[in-house]
Structures are given as C-alpha cells and as structure tokens.
Amino acid sequence: MWLCSTSCVVGTFWYNDATGYGPIFEEEPLDIVYTKESPDRLISMNCRARANPAPTYRWRRDNWEIKLMELPNEHYSLVGGNLIINNPEEKKHAGTYVCVAKNVYGTVISKEAKVKFGYLEEFPDEERDPVTVKEGQGAVLLCAPPKRWPTEVTFRWIYNEFPVFLHPDKRRFVSQSTGNLYISKVEASDAGNYSCYVFNPQIGKGVYSKFIPLISTEEKKRYKADLVVKFPDTTAMLNYNVTLECFALGNPAPHIVWRKIGATDLPASAQVSMSGALLHLYNVQYEDSAGYECEAINQKWQDWHQAWLYVEAAPEWAVTINNTQKDVGSEHTMSCVANGKPGPYIRWLKDGYSYGKGELKFSSLTFEDSGMYQCIAENYWGIIYASAELRVIACAPTFELNPVKKYLLGANNGRVVIECKPRAAPRPRFTWTKGKEVSLWEFYFNILNATRNDEGVYTCLAENDRGKANSTGTLTITEATQITVAPEDTQVMVGEEVHLQCQASFDPSLDITFIWSLDFRVIDFYLEWKHYERIMVGGIDSGELKIMNVQLRHEGRYTCTAQTVVDNVTASADLKVKGLPAPPGGVRVEEIRDTSVKLVWNRGADHGSLILGYTIQTRDFYALTEVDWRDASTSPTALDGMSVMADVVDLYPWMEYEFRVYATNEFGDGEASIPSMKIKTWDAVPVVAPTNVGGYGGKDGELIITWTPVQPQYFYGKKFGYVVAFKPHDEVDWWYETISDPETRRYVHRDASFRVKSNDFQFWFKLIDTCSDQSRLSDQVKYWRKYDDTEPGANRIFVPASMNQTRLENMLPDSHYLIEVRAYNGAGVGPPSEHCEMFTKRAPPSVAPQMWRYISYSGKWLYVWWHHISYDWFGNESFPLYYKVMFRKTGYITGPIYMTGWHFIDFPMPQVGDYELEVRGRYEGGDGPCQFVGESQKYFPRFLDYLIPLSSPSSQNIRGKGGEHRRKRSEEEYTFKCVCCPDSVLPSMPLTVSPPLLQVRRLS
C-alpha cells in the first residue's frame, strides 16, 4: 500500500485532514400541522447539512425509508435536502419523519418531526336544553366542545347574537380547560341565550354551539362560596408558563385568594388575573414546585382547594461529544451527560443506526469504528441530539509539521527537555542518539543538572509498523541566570515614594528582561504609569522598580523575575504601607429594640497603625441625602480598637435605620464600612405631645380647636392620631373626640347649645395623643358580624392592660366577624387597630347519637355501638371529628374519657357498683349533645340494664336489681328515657322483651 506524507488511512479510504469532514446539520425539520383547507396543497419539510464532500439526503417515515430515487412517486419529491409532499393524505402521510444526511465520513439523522392533520369538528345540531336558575344562585353552562386537533384551543361565549362576546369578570368565568361558563351568582341581566365558541389558532378555524337559554327567576338568597373549578395536580416544564384555574359560585360573588403552601408570598413571577380566577406563573423554576391553594370567601362561607405543582425539565446537555481522531489499536471512551427531570435516557446512533446506550468504550479501535456518532438524550418533555465524528487513522511517522528544534539552549545546572512529536499512528517507538550513544525514551529527552558535557547533536528516531522517520537538533549550554541584588522588605507611609532593587547576572550571549508582579499579578507599566516606573540606565532596564505616591492598595508582595530565553529566576519582598485603617466588614444588626439595637461588625486591617477606636453612624428614613450620616450614641460611649459590637441607643421607635462603622488610628479616620441592611425599630408609646394648643369660636354653635401636629419621627408606631378633650369652664366632665389623621391641625365641634365668645373663651382645651404616656388602664375589644350587625351595636369587653389576650363569648356560629382593639385610658379610647376578620365554625348537631349495647355471654365485657351522625355538606351543622365516651361510677362527676373515630367501643365489665355511660360527638364547632341512659322502671337498676339472650331458651326468669322476678306474660314492654342532665330529657326508647326469654343485667 502506498502512503504519502500528508495523508493517512481511515478505514478503507484515504483522506486529507485539512479539508474533509462528516455531515453537520444546519437546518432540521420541524413539526407540522396540516389542514385540508390549506391553499398550497403541499407540505415542505426542510433539511440542510454542511459536509465535505457534500452529503446526499434520504428521508424516513415511521422508521421506513421513503423510496425517492428508485420509484417515481406522485406525492413525494426531493429538492436539495428538502422533502416536498404534494396533495397530502392523512392515512398515507401522517407520521414521524427524519432526514438522513450521508457522505464518505459517515451518516447522521435529524431530529424527529411529526406531520399531523389538524381539524376542528362542528358542534352537534341538537338543540341545547335551557338552564333555569334562581337569582343569586350559581350557574354552569356546559360547552361540551367537539373533537379537534391540536387540542390547544381558546374558548369564548357568545351572548344573544354573534359577534357579541361575553366579557369575563368577577361573577363570570370561562374555563380554558373545559370551555364551561361559570356564573358565581345569577342576576336578572344574565338572562338570555349563550353559545360556546371554540377557536383553533393553529388551523385558523372556529365553531360555535347551539344557543343555550338561561332563565332566571326572582328569588334572591345568599349562598355560601362553593368552588366548582379546581385546578388538578399539574406538571409544568422548566422556564415555561403555567396557568392554574379556580372559580367559585356563591352570593355574594366570592373573592378568590391564592397562596403558596409553606411560603408567605406567591413566587415573584406570579400574576393573578380574571378577578382572582387565574394564577399565572411565568418562567417557572424548580423552586416554584410546591402546593398551591385557592380560597373562595364570601359572607356565607369559605371554601378552599389545594393541589400540587410539579416542575420538570426537558433534556439539556451538561457534557457533550466532539470530533475526535484516534490511532488504530488505541483505547477510547465516548460519553455524554444530560440534565433533565425526569432524568434523561441516553442512547447512541452510529451512521444513523442504533449502537448502544450509556457510555461507549473501545478497548482497541479498528478502522470499522470510524464514522459519525450521535448521542441522544430523551425524556417525556423532549429529545436532543449531539453529533461528532470519530476517525481511526494509521500513518507512518513524519516530522514534516513538527520537527525537533534545530537549535536548543539549556542553562548550566538546569533542566533541559528536548521534545519529539512526530505525526504517527499507531503510536511510534522512540530512540534517542547523541553521537554513538543510544537511549530509549518517550517523546521527550530529559537532562537534569545539565553541564557543558551535555552539549552536542541529538537525534530522535520514531518507528511504527507503517514506517519510521528521524529529526535532529543541536544543544548548547549557557551560563545560568542568578539574582545578585534582591528586593528587601520595606515599610512606607501613604503618599511617599519607594524604590525596590533587583539585579541579576546572566549569560552575555543572551538578553535579559525584568518582570515585576504584585501578589502574582504582573504590573502593567503602561496602564499604571502614575504609580509604577522602571529605572532605565543608558536605555537599558536596570531592574529597579520605582513606586510613586504609595497608596494602601499598593501593599503586598512584590516579585522580581529575571528572565532569559533559557531560564528565569525570581526574588520577592513585602511592602507594608502605613495609613488610615481599612473599613470594618460584616456590619449587621443582631437585636432590635424600640430605642436601641445591638450592632456587630468585623475588624478591618489596621494598615500598620494600631486602631484607637470605632465610630458608629446612622441614617434614618427622613435623611435628606444619601450622605446625610450622623454619629450615633452608643453603649459603651467610647468604643476602643478591640470592639466588635455595641448597643446603638437613643433611636426613635418605629423608625427605619441603617448603620455604618469606621475606624480611627494615629493617621485619622478610615473609610466607612458598607451600610448594614435597613431595619425598623419596634414601636412604642409616644412621648411627644402636640404644641401651640389654642382655640376660638366660629359661627354660633362652633368651637374651633387648633394645634401644631407632632413631627412624623415622633409617631413611634402606625395608626398614630389624637384625642381632643374639651369642656366648659365651669363643668367637670370632659368631651372627647378622636382624630385619626396625624397631619390634622384643627378640629371643629358643632353644637347649637354652645355659645362661644370670640374674646373670652368659656372652655378649657385639652389635647391628648392617642398613645400618650398617660397610664393605659385597659384595652377595649369590640367584635360584630361583618354583614349582619352594625358597628355601633357591637359586643364590647375591656381587658386589663397587663393582658394581651382574651376570650370572646356569645358569638354566633357560622358567621363572619370583624374584631378591633382600642387602647383606653383616662382620656378615653384611642384609635382602632386594623380589623381582624374571622369565621366562626358551624354549630354542632342538636341530636345525640343513637346507642345500642349488650354484655358478652361470660358477663366480662360490655359492648356499645352507636349510629354515626349524618353530615350534610350544605347544611348548617359542623363537620364531625371523633366521638368521646365517658364511663363513670354513679355519683361521680368525672371518669375516664375515651376518644375514637369508630362507632363502637367495648369495656371490661365491672363486678361491683352502678355505672353510667355517656357518648357525645366532637365537631369542628365543639362538643355535641350526649346520649345518657337513666332508670325509669322498678324492675331495672337506676342507670342502664343490658339485655343478653340466655344460652338456654327454656329459662323463665328475668333477673333484675331487686332479685328474680317471674315473667307475667309472654311479652312485656318497658320504657327507658335518656337524659344528659336532670333538666334535659330525650324521647323515650321503648324496650320490648319477648320470647325467647332474655336475662337483664345492669352495667354494674
């Protein structure tokens, strides 16, 4: 076989590595939705690849090759690499297509592209049934959309006539999942005819249904909120958008609130629209994966729904493959890594055909391993391709492109490495010669502690099974470079000038260069000419470094490197700069109080001078400029140089602050630290009262009181206001009025009975701050039903000032309450707090559970069971949680209480004494009524007798508390009455004893 010096063998053909390469896709086919209404009546799928030599193209449909060259086809044609489908038919041409590009170096296939035929069927012709609903009730109009492809469509509703479309609002919502129209509460204006309009944007077609009459009747009631549109567990794709739907029926129209479970706020990318019915999450990330809750609230009820949002991702390459050239017989590994969720599945193609999965390993490459390889990563969300060419080559050694250096230099007593890197495949064997000396080395020849004796001519001989070649170089040994004058450690003041010396001896046949670096960063004398300068002597670099106007940033380790083309040597020295201290770091607030905070920081560099102390500065919310910093009062007052924390005192309560710290040494004050995060001090009782209180009379019956408002920094909390107190001069009782606006400067009181003289006031004026430092006697708690009560008629209770909680009583079940708190002192009540809204639970049922019981045949166990209390989701009774069973001895108030979710329980049968049994349900709204059995027949014990069939049906006795009693007739009826307390009596329960005979035992 003939070989040329610039070419190698790849498999069974020659190649020139400067020009040939395998196919690389530049354009790949995309998914297509075709409609029969398309005017072109053709489908064009594009495919273009770059390769040398130019590739040929083939196409596959559903893994079957389309015969484009062998047989003429009335539908398929090839234009360049593009596939044209004329007059497409769904049965023949729908499917998955791939483009195949091939040349002598290998074959690659494109990404899959699907051809689907879009359609949107018509609605059925049947008339739609009318929907009749009472005003105030909710209504749902079903769309029942027809079959379609693609399934992504938009839904709208036509009202009475086309093109009058319904505009969704707080009451009306159109689900883009089902197309249904939801009306939370029907009003008289909603009556009319409705048609569901479905539009498919990809095929540009829309259809609408028959009209649905909506008939409303005149009965207005309030209905509780009831969620009817509930988003399911949803999986979204990373970096895509997702929309969650939630809508409720009810009267009044419910208000929708969204929450992210386990978080205080919705994600930053979240947006609520359609009056709360839609939650849009844009560009979702993994951290958005969580449970989401929508809550519907109106005056009657609140309803909620929770579901989970999962975030997954399409495959994305983390490690991909590249074109590789390897020697025949060598080892090789090909791997690619893709990220995604769920984790992508990795598989391989070689020249367009399946070749394995995971990682490809070759222990000994052959020519057959050459070709185009494609790594494919896929999961549910997508598929990605990576292509690369593997070339397995064989060449005789050649030094044409990379010969051994002809002239080699080495330093005396240094290390010399002579490299030999011919082009060869497989890897050659190397032999080194110097004169008659022969050595076996790798591709380099290594000489340690070189001397003049190592000078000479060196030849590298490379040989493999394809041939051999050699290359020669001459080695010369020079004098080693040495530092003769090294730089010394130096200490300098800021602003001064310093010189660092550096001199070296070197071989006179060579040129030398001095390189200076600061902390391993090479100094650029061109850019830093203001501070650094080389000292030149006779136009030659002397090695000396001049540093002018030294600053703190110039401190560090300076390294001088004396370098020739053969070797280099270095020497270093430290430069210490004395000056102002560096700014402290990590300034942060660790404790917040009303008038003080605990501030912590880290000490900065002292720059060669002992730090004498620290100063803390503050800037509050009302600072005029960004540089309006003020020295703060601290505890301790003086902060020495070892301080790392202090209390900042004399701050305003309820004020936003940020802090910074600077250090001081003998040279002055250093640079201030970066400001801390902004914090707000706690609120407190205000201590500054209004000033310039005065007043005068206006028109008849008017009293005008004026004052200068308190400055905002003295508010000391939110909801700041005033209480104006005034009284006639000769009376004892004060009149009080609350002013909630802190900027108010006057108050006008009107009373026809007042007669105010302009020059002789008959009133004293007293102005009281709502949160003044007068002794707070108590707090007034006021609560009332939001929609059913008036605020003046609210319930009020007073709580001692020393307490911060209380119990609200006499609240009605299943109600929406507002609660407010006001401070109270001698001047009256202060301004109200923010209203707290709460819903009371529905009341427990009024009926006790019905019980049955019996004693085991052995008489050792008592079995009790009862009916579950039925629950009506739309009723007025609260939801049952569990049951409480008390088993106590007669005459005792308490006894053991058992809690169970079942409707039965058993007890060991006591042998002595009388016992009572009580069963009651536990509900969201509290305990329900109990079932308690008492004595009402002389033949039985006072509290409950239990009936058990005897083992022998011939027994004729009835055993009771008074002894044995003969049965008088074949059937006797006894009556028990159940009570929970002496004042409550439940309906009697007839107990009939009939053959076979029964034995009667009490619980004891």
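Cβ atoms are placed via backbone N, Cα and C, with glycine included.
The domain 'Ig-like' feature in TrEMBL is assigned to 23-116 (among others).
The domain 'Ig-like' annotation in TrEMBL covers 124-213 (among others).
Each residue in the domain 'Ig-like' (225-298) has a pLDDT score, and their mean in this model is 89. Taken from TrEMBL, the feature domain 'Ig-like' applies to 225-298 (among others).
According to TrEMBL, the domain 'Ig-like' annotation covers 315-391 (among others).
The domain 'Ig-like' annotation in TrEMBL covers 397-476 (among others).
Helix, strand and coil residue tallies for the domain 'Ig-like' (481-576), in that order: 3 helix, 53 strand, 40 coil [DSSP]. Sequence annotations record features per position, and here TrEMBL assigns domain 'Ig-like' to 481-576 (among others).
The domain 'Fibronectin type-III' feature in TrEMBL is assigned to 583-684 (among others).
For 741-846 (among others), the entry in TrEMBL reads domain 'Fibronectin type-III'.
Residue counts for the domain 'Ig-like' (124-213) under DSSP, helix first, then strand, then coil, are 3 helix, 37 strand, 50 coil.
Residue counts for the domain 'Ig-like' (23-116) under DSSP, split into helix (H, G, I), strand (E, B) and coil, are 4 helix, 51 strand, 39 coil. In the domain 'Ig-like' (315-391), helix, strand and coil residues by DSSP number 3 helix, 50 strand, 24 coil.
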